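Q: To start, I am sharing the structure in question, which I have written as structure tokens.
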Amino acid sequence: MSNPSLLILPGDGIGREVMAEVRRIIDWFGANRGLTFDVSEDLVGGAAYDAHGVPLHDDTMAKAQEVDAVLLGAVGGPAYDDLDFSVKPERGLLRLRKEMDLFANLRPAQCFDALADFSSLKTDIVSGLDIMIVRELTSGVYFGEPRGIFMEDNMRVGVNTQRYTEAEIERGARAAFELAMKRDKRLCSMEKANVMESGILWRDVVTEVSKDYPEVALSHMYADNGAMQLVRAPKQFDVIYTDNLFGDILSDCAAMLTGSLGMLPSASLGAPMENGRPKALYEPVHGSAPDIAGQGKANPSACILSFAMALRYSFDQGAEADRLEQAVQDVLADGVRTADLMQADGGTPVSTSEMGDAVLAKLDASL
Ligand code: NAD
């Protein structure tokens, strides 16, 4: 059998720096765990614009469709701020998500014990937190028609449309139930069925899908209450399934429970390919961080943890994903910190590559 394939798109700014550390970790798994990937690397975002005049070349798009998983760093930067909207770096990322039809966005919010002090909430509320938000990513109010700013009675009217088909709700729900089956078997679906018809349909379809997952305890919650509960008692949740708009807000809210942008991974999954693996794009939540780019200050953990998600969700290597996540946790428990994780009272931060070294040392120690 051939090796699983991975397309690496470092992108811009710190994307390149954090991805360099992930490359070393990928090599470690090849050398020590018999997990060899066929890795190819290409350009996206500003880097692709500089080389080709577009933020994603057609050949790169075609490659992304063929590989088992795509791993992306970050795109964007001030050098590209004045470009036409159609060729801005972010358009490269949006094109990947759209053409790969990545409808389920997975955003874990996990609080590592060593970082519990970083949360804006009290330590006992967040320590041990481990929740997963599944956000529907390709439909809803960000895409619904009609949309625009129109004239009505001599006045401008802004219009967006929340629209969901049963099929769109169902496929995301199945992804969420499958995840719940691999976790604590609890799923909370969030919408606004009290005031939105699309919410009534959402609740109906999710309830219908739940019949195929009798082991999963399903609950429903209005999304505004969900936001309150996330900051009141976040540990009550295991998996949350919600729409594109509510998911955008709730996942950012949940993410901040854990402290730093430099720690947050994500996955966007689509339909299964012929080999049974889902179309998949893994990327840290953070951007290209122009304020620290090129200085060796970036925290590579979010990108490293995104690769751990790839091990788990694309390559069925849950135990190896655990090994990598544990290595990151152990490094933090030793007090090793990049600058974004330093408390005001100090210590000396490590560089991006020193953080990579520390994770590799923990991986070695895990053998
Ligand atoms: P950002 O996430 O790049 O940075 C926000 C702040 O967090 C900065 O102070 C940065 O230094 C810090 N930060 C982020 N990641 C870090 C890490 N790994 N380690 C240490 N510190 C980290 O967001 P921004 O400043 O709003 O955007 C900068 C550029 O990135 C813009 O061009 C934006 O469009 C783009 N962007 C891209 C993505 C993406 O590629 N998915 C996401 C968000 C923003």
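Yeah, the Cβs are placed from backbone N, Cα and C, and that goes for glycine too.
Automatic prediction, not curation, is the source of TrEMBL annotations.
So TrEMBL has the following annotated:
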- 77-90, 287-299: NAD(+) binding site (BINDING)
- R97, R107, R135, D224: substrate binding site (BINDING)
- D224, D248, D252: Mg(2+) binding site (BINDING)
- 5-359: domain 'Isopropylmalate dehydrogenase-like' (DOMAIN)
- Y142: site 'Important for catalysis' (SITE)
- K192: site 'Important for catalysis' (SITE)
Q: Quick check: in three-state DSSP terms, what is F85 (NAD(+) binding site)?
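A: Where F85 (NAD(+) binding site) sits, the three-state DSSP reduction gives helix.
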Q: For A293 (NAD(+) binding site), which residues in the same chain are close in space, meaning a Cβ under 8 Å from its Cβ, but six or more apart along the sequence?
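A: D12, G13, I14, E17, G77 - these are the non-local Cβ neighbours of A293 (NAD(+) binding site), listed in sequence order.
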Q: What is the one among the recorded positions R97, R107, R135, K192, K297 whose Cβ has the most other Cβ atoms less than or equal to 10 Å away?
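A: The residue with the densest Cβ neighbourhood is R135.
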Q: Roughly how many Å lie between the Cα atoms of R135 (substrate binding site) and Y142 (site 'Important for catalysis'), rounded to a whole value?
A: 13
Q: Around ligand 1, within a Cβ distance of under 6 Å, which of the binding-site residues R97, D248, A289 show up?
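A: Close enough to ligand 1 are A289.
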Q: I want the residues beyond D224, D248, D252 whose C-beta is within 8 angstroms of the mean position of the Mg(2+) site's C-beta atoms, in chain order.
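A: In sequence order, the nearby non-listed residues are A223, A227, L245, F246, G247, I249, L250, S251, C253.
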Q: Using a Cβ cut-off under 8 Å and a sequence separation of 6 or more, which residues in the same chain sit near D224 (substrate binding site)?
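A: Sequence-distant Cβ neighbours: K192.
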Q: Could you tell me which of these binding-site residues, D81, D248, D252, has the fewest other Cβ atoms within 10 Å of its Cβ?
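A: Taking D81, D248, D252 as the binding-site residues, the minimal 10 Å Cβ count falls on D81.
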Q: Over the domain 'Isopropylmalate dehydrogenase-like' (5-359), work out the mean pLDDT and round it to an integer.
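A: Mean model confidence (pLDDT) across the domain 'Isopropylmalate dehydrogenase-like' (5-359) is 95.
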Q: Within 10 Å of the Cβ of Y142 (site 'Important for catalysis'), how many other Cβ atoms can you find? Include all protein chains, please.
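A: Y142 (site 'Important for catalysis'): 14 neighbouring Cβ atoms within 10 Å.
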Q: May I ask for the distance between Y142 (site 'Important for catalysis') and F85 (NAD(+) binding site), taken between their Cα atoms and rounded to an integer number of Å?
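A: Pair distance, Cα basis, whole Å: 17 Å.
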Q: Report, in whole Å, the straight Cα-to-Cα distance of D252 (Mg(2+) binding site) from D81 (NAD(+) binding site).
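A: D81 (NAD(+) binding site) and D252 (Mg(2+) binding site) have their Cα atoms 24 Å apart.
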